[in-house]
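Feature list (source: Swiss-Prot):
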- 84-336: domain 'Radical SAM core 1' (DOMAIN)
- 85-417: region 'CofG-like' (REGION)
- 98, 102, 105: [4Fe-4S] cluster 1 binding site (BINDING)
- 521-854: region 'CofH-like' (REGION)
- 544-785: domain 'Radical SAM core 2' (DOMAIN)
- 558, 562, 565: [4Fe-4S] cluster 2 binding site (BINDING)
């Protein structure tokens, strides 16, 4: 491969050797590398000091690990040799404006310079499509969207350009352009727009098979110290960038990340960066490739005089990346930032992917470094003993995994370009095809599950992808252990003193006093329950209320990855099903005939549910039974609908209200504390978004219930914090109709089966939670509901004597708790609910969803 003009081999001094990196320590680390042992952070930093024969030894170990991974993945080329992959791409620099000031960057500019160059603030749609069309003619499969971070946050010109064209953000424009590229050219977008939130990535996933963001470094020193590489760049905060990696994992997005080598980081910081990537991938399995990129100084930047990364330093880092990240990770090095000889050396150090290489567009981030010609790169790869094969923007294992990783709205575009046997790219030119929402969901699968769950039970004990759907169980158990360590061993506040305080002002105690009440046992617990029962009597009297309703869980297809949930199935599982809109309406009519005043509709987050699906269900029920109260869609379902529609939360909720939605269930809350929440669930909405959705629903006239699921990995301090969140919302909106404590049903829960959760709450926990809720919510939420489905009749009666006043509903069918292993049935008649109340000497009364009492 000829050396391009101006391309010099890198030959610079090695970084300062860490004090611990003496010869004997290095020999020990190299021996561990030869033995296939994963290097810890200190060992990785020491290994990066290897030079000469030691470096050759290190690279040989890394190459063996790489080859083992390629063999395991079946990654062979046309000649039968192991294969190194690349993606044939076009580079689309959507905008060169950015709110950051990275000291090494020439990609980013300012509006004045763009104007002087005669360039637009953003690439116009026609420009983007022209590049993509020409790329398709060259056989490119990937459209790399690269741009600065949130330019509209800094530049008035960016805000004006977007506003004139009807976009509220750069990411909205990127999404629209990705759809146009898919539809008009068939190229697959790979989105690299910098830092994104959970909601933003949720919105972008349906238009791109993969996304990416370089972690670069975990060094806070480089971020916080004036004059260093990332100072003055808010989006280069390592904590923020690690959060992006985590959110991408929670959303099951095939994600590219990596590190920059030689921007002023120490070897220990470099090693820590690799381990941070390893930890994120271990938990979620979503990091599809790690780019190890060598720093190249550029003229007219603050770091123009900073030395390039030395080649031995670079090779050692690549080798260590391979050893830390293991055989299954694709390790990538940009071939245009090194010479041909150095490319061969990188292969020897464990590289197995060249990343995106364009036969058409320059590397706009490194414009002084042209891409090697593809035939030249293939020749270099062959000289190193490997075939070079073309892949898609998503690595093969994610392509072949299907709906678990690739959204169905872009799945067809991926399938059109993928070899079904390997997941690599087919030798075809892309062709545009429609990007559209799925059609109406048809009825299929075990649609009788609601009725059959009580007589026939489940067909399978667990869903088919139990081993892969929820992330790494070892990592999850470590998080549970950390939660347990932080749980208080004793309560300093005296329970009797807390009781006296609660008697004087139930809603005015300190958190410490509430925690004391929550941990009470024995006679103290009896006193807490008695106080709660007294408050109940004062607020709502002795009547036990209930609603005649029907649960309609319209689908159990879900890929969110809630680790506590035994209801969710993947498509094709023996217990999986979806109801058609017509079947849902039929069940609402059946409920009406049986005397129901409410249907409660919730379902899994099925990626094939059309954007109109939620409103269609509401309209169908209202058309069949105009008087039926529709209580439907958890905040997670609302977040999903908002993501699909592109509307704001407020706009989408108003649309549902106009379709006939009456109230929403305040489910999907679990525990409103993210340290617990991210153990319980992989991909569910974060606490802040749950609060925003519920608050907005109340503001547009959609009242809701409120809930808390307890008895898994939580502790009493989480109960207090959760109830405080609900109190704050109620103070602002007054929109909660009731509070429903939901005991964790453990029997079939993946989290419990993996040994990470308790076997549900104890009887003490149940009594304490119901009583605590009555006390803490006094004066704010009058109705405390207890779940006969989860507790059974006798324990339900105990809760009614300790603060609760409501039995929930008749349900008619219930699949969520029953699939989790609840043994208390899925339906109660009115007579049976009345009998529960009369069994403790209390009258029962039917109510509406919003607690208006109905005539006896």
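Including glycine, each Cβ sits where the backbone N, Cα and C put it.
Feature map: Swiss-Prot annotations on the structure.
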residue	record	contacts (Cβ under 8 Å, 6+ apart)
98	[4Fe-4S] cluster 1 binding site	105, 108, 147, 148, 149, 150, 151, 154, 194
102	[4Fe-4S] cluster 1 binding site	108, 229, 230, 233, 236
558	[4Fe-4S] cluster 2 binding site	565, 567, 568, 569, 603, 604, 605, 606
562	[4Fe-4S] cluster 2 binding site	568, 680, 681, 682, 683, 684
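Between the binding-site residues 105, 565, 565 has the most other Cβ atoms inside 10 Å of its own Cβ, all protein chains included. Each of 100, 101, 104, 107, 108, 148, 233 belongs to the same chain as 98, 102, 105, is absent from that list, and has a C-beta within 8 angstroms of the C-beta centroid marking the [4Fe-4S] cluster 1 site. The [4Fe-4S] cluster 2 site is defined by 558, 562, 565, and by the 8 Å test on Cβ atoms against their centroid, the other residues of the chain that qualify are 560, 561, 564, 567, 568, 604, 605, 681, 684. Classification of residue 562 ([4Fe-4S] cluster 2 binding site) by DSSP places it within a strand.
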